[in-house]
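Annotated in TrEMBL:
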{"type": "SIGNAL", "residues": "1-22", "note": "signal peptide"}
{"type": "DOMAIN", "residues": "32-124", "note": "domain 'Ig-like'"}
{"type": "DOMAIN", "residues": "134-226", "note": "domain 'Ig-like'"}
{"type": "DOMAIN", "residues": "237-331", "note": "domain 'Ig-like'"}
{"type": "REGION", "residues": "336-438", "note": "region 'Disordered'"}
{"type": "COMPBIAS", "residues": "348-364", "note": "compositional bias 'Acidic residues'"}
{"type": "COMPBIAS", "residues": "372-381", "note": "compositional bias 'Acidic residues'"}
{"type": "COMPBIAS", "residues": "383-399", "note": "compositional bias 'Basic and acidic residues'"}
{"type": "COMPBIAS", "residues": "408-419", "note": "compositional bias 'Gly residues'"}
Amino acid sequence: MFYRYLVIVALIFLYGNLDVNCQMHEPDEIMPEFYAPLENWTVTQGRDIYFTCTVNNLGKYKVAWIKSDSKAILAIHTNLIAHNHRLTVTHNGHNTWKLHVFNVQKNDTGSYMCQINTQPMILQTGYLDVRIPPNILDEADIEGPGSAAMEGGTIRLRCRSTGKPEPKVHWKRKDNRHIVIRSDGAREKQESATVKGDTLELSNVHRTDMGKYLCIAKNNVPPTVSKEFNVQIHFHPMIKVTNQLVAAPTGSNVHIQCYVETSPKAMHSWAKIDGGDLMPNTKYKMSETPINEYSLQMDLTITSLEPKDFGGYLCIAKNALGKAEGSIRLQELHLPSAPTTSEAPPPEPEEEGDGESGGADEENLVPVEGEPTADGDDQSLDDQQRQQEQQRHPSESTKKPPQTAHGGESGNGGSGGGGVRHHDNKQRHGSGKGSGSECPARWLLVLAAVVVVTLFRSPVVSRW
């Protein structure tokens, strides 16, 4: 009996040994292998990407997609496991599987594995880096005293931003003017086109600091973003009048103006001193022209000036902090009357006509010997000749030597008188030649006639 059990045990051991030897001599199984590594992606948020996993000799094994950081199984073969509508899996029917991620978001960043369930399992990994453009938070998240202050106060602006990589922030003015940073009680100041940092602090603010400021955030991921901050500086109204005295004539139109600086905005009006407020109408035309954030120009045009329009005018600005006035005096301008231009009457040719007619009469006279001639008439004619000659040639008449009259007195009666008159007539005749362009030829004939008449006259006593 004992031998029987011993034979059974020996047979069992022999059968088992034969079975192991048969298994060891079976041909080796071909294991799966990856054809190419998985991609790495760096994309901007919102883009679409896919990972490609190519496996040779997959056999009876399966391909699975797993998110490494969360260990979550996304898909097995072509079956999607994760409840994410932005994920899909595709297979080309041969050896290529793809995991598609649409509209990638920040939480999609991380490692993705393509894994095969062999023993031990094999896998490969690809990385998705999602870049996020900069974003500036709403104004509700701004900390600090705000964007408005009284002149001389402090304004602190904060611009917080998000993005990947972390954005860098700087400040600038929208109108490209420099930002003024004051310190040490406004004694020192620095001006710069840009200021770095997410906080901008303006101390001892001045009205010139008023305006729009831009917070700009960028991280090399387009697009760069900016946010606008409106800085308000409040102060008492102020009025400047460049021309306080204006003059204009009655009936004309006159234009007067004032420059106003105020913040917050003010109510503007015009008034006549001791006359009440002015309302815009056909008589008074009013307009306002903005200059910058806190100043403007007030204009008033008064049409068809009347006497009652002359006097004092006020430009008025009033806001919550106070009131300011500027005065302008309008006075009447008296223009000189235009001179009446009347043409001078042409010179009457009476003297020349008389002289010529006299000369003609004397030319027609026939001297008769022994006929008496009035000395007064002769003297009068000679005096008229001399006066006319002096008026025409005053310089020559003043240069006549006084010896002429003296020589006439020392001469013999008639011959002396005749010689004096003949000499004078020769001088006048000579001066006439010198100014031939002034004396006409007929005048020379008159002078010659006078000389002839004088020679034939009876002797007279010279009055020289």
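Note that Cβ sites are derived from N, Cα and C of the backbone, with glycine treated the same way.
Nobody curates TrEMBL annotations by hand; they come from automatic prediction.
A quick note: this is a predicted structure, and the numbers were derived from the prediction, not measured.
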For this session: Please average pLDDT over the domain 'Ig-like' (237-331) for the predicted structure.
Result: 95
Problem set entry | Helix, strand and coil counts within the domain 'Ig-like' (134-226) (DSSP) | 6 helix, 47 strand, 40 coil
Problem set entry | Helix, strand and coil counts within the domain 'Ig-like' (237-331) (DSSP) | 3 helix, 60 strand, 32 coil
For this session: Write out how many residues of the domain 'Ig-like' (32-124) are helix, how many strand and how many coil, based on DSSP.
Result: 3 helix, 47 strand, 43 coil
